[in-house]
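Undergrad: I'd like to ask some things about the structure below.
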Amino acid sequence: MAKKNQTLGEFIIENQASFKYTSGELSRLINSIRLAAKVVNHEVNKAGLVDIIGAAGETNIQGEDQQKLDVYANDKFIQTLTNRNIVCGIASEEEDDFIIVNSQDENHQNKYVVLIDPLDGSSNIDVNVSVGTIFSVYRRVTPVGTPVKLEDFLQKGSEQVAAGYVVYGTSTMLVYTTGDGVNGFTLNPAIGTFYLSHPNMEFPEDGKIYSVNEGNYIHFPIGVKKYIKYCQEEEGDRPYTSRYIGSLVSDFHRNMIKGGIYMYPKSSKNSNGKLRLLYECNPMAFIAEQAKGKASDGYNRILDVEPTELHQRIPFFCGSKNMVIKAEEFMSKHTE
Ligand code: AHM
Ligand code: MG
C-alpha cells in the first residue's frame, strides 16, 4: 500500500513482493534509474550556469540537432544501467542501434531490456522550460544466456513490465508504474531523496485542457481540425483551455493531474506524426492506462501496435479517457 512521504527506496523494497517476477532485478533497475535521474537533474538544474547548454554540433538519427545535455543524459543513463550490470540491452532515442550489454562474467543472464528517451523536449532547455526522461522496460523474448536481438526491443507496448518518466520541472518528479497503478515521487533536492508525494495517480475521466501544436493546424487531418474546433466551441463545459508546453512529459503530467488530452497527430508534412512509438508513446500509453486514461493513434490502442523498427513514429492521442474517445470519434467520422 502506497504511503505518502515514504521514500522511493522504501517503496521499491516494499512493493517488490507484489511484482509477479520477484527476483529483485526489476527493483534494482528502478533504483538505477532513480540514481541516474538524480545525476541528470543536478546537471539540468545548472544548465544556465555553465557552458553546457547549446547544440553539441552532432545530429541524431532523426536529423535533429542534438543538445549537449541530451548527450550527457544519454551517457548517464546508459552508464548507470550498464555499470551496475542490471539489464541485457538498452535502446535509446539518441542511439542509432540498440546496445548489447555484454556482461562477460554473468554471460547475458539479465532478463530486462530498457528503452529510453534520455532528455525529451530538449529544445526547451535553452529557455529554462521543463524537460523529461522517459523509460520503458520489457522482459527479453530471446533466451537468457545469449546476446539480445532486435526482437527483444520490438515488442508490443502491452508487454511492458514497467514504464515511467522523470520531469525536471519546478520540482523534479519521478513517476512510474510496474502495472499496478501509478505513483509519483518528488525529489527533495536538499537531501537528494525522492518521496512519495502523489500516490495512485489517475487521470480525471473528463478534462478541460487540450494540448496540441496548433501551428500545424493547416496540415492536420480533417478529423483533428474538427476536434480542435469542438474543443473551442461554446457549449456545456466548453470551450476548453489550450495548454501546450512542447515537452511531452510536462504536458502529460499536467493533464494527468488536471484532466486533459495531448495530441501529436499526423500531418500532411509528417505522415506518422513526430513522436516515437518505442521511446515516447508506449511508455506514456502504459502509464496513461495504469492511471485510468487512454492512449490511441487516433483509431487504435497504442499498446496493441506491433513495432517494426526501433525509431518508428506514430500519431499520438493520450489523456483523459472520454476526451480521447471523443477525438477518436472525430477521426473515424471525418476521413479524407
Ligand atoms: P524530442 O524527443 O526531439 O525532444 O521531441 C519530442 C517533443 C515532445 O516532448 C513534444 O511534445 C514535441 O516534441 C513537441 O514538438 P513540436 O515542437 O513539433 O510541437
Ligand atoms: Mg523525445
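Including glycine, each Cβ sits where the backbone N, Cα and C put it.
Please treat TrEMBL annotations as automatic predictions, because they have not gone through curation.
Keep in mind that what you see is a predicted model, and the values were worked out from it rather than measured.
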Undergrad: Based on TrEMBL, name the residue from Glu93, Glu94, Glu95 that is recorded for the same Mg(2+) 1 site as Asp117, Leu119.
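TA: The record-listed residue among the candidates is Glu93.
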Undergrad: Among Tyr168, Tyr176, Tyr240, Tyr244, indicate the single residue that TrEMBL lists for the substrate site containing Asp120, Gly121, Ser122, Ser123, Asn213, Lys274.
TA: Tyr244
Undergrad: Need one residue: from Glu233, Glu234, Glu235, Glu280, the one TrEMBL lists with Asp117, Asp120 for Mg(2+) 2.
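TA: According to TrEMBL, the candidate sharing the Mg(2+) 2 site with Asp117, Asp120 is Glu280.
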Undergrad: For Tyr244 (substrate binding site), which residues of its chain lie six or more apart in sequence with Cβ-Cβ distance below 8 Å?
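TA: Same-chain residues close to Tyr244 (substrate binding site) (Cβ under 8 Å, separated by 6 or more) are Ser211, Val212, Asn213, Glu214, Asp251.
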Undergrad: Take the domain 'Fructose-1-6-bisphosphatase class 1 C-terminal' (204-331) and count its residues per DSSP category (helix H/G/I, strand E/B, coil), listing them in that order.
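TA: Breakdown, helix to coil: 56 helix, 22 strand, 50 coil.
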Undergrad: Just to be sure I understand the contacts, which binding-site residues have a Cβ under 6 angstroms from any atom of ligand 1? Candidates are Leu119, Asp120, Gly121, Ser122, Asn213, Tyr244.
TA: Asp120, Gly121, Ser122, Asn213
Undergrad: Cα distance, Glu280 (Mg(2+) 2 binding site) to Glu93 (Mg(2+) 1 binding site), nearest Å?
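TA: Computed Cα spacing between Glu93 (Mg(2+) 1 binding site) and Glu280 (Mg(2+) 2 binding site) is 9 Å.
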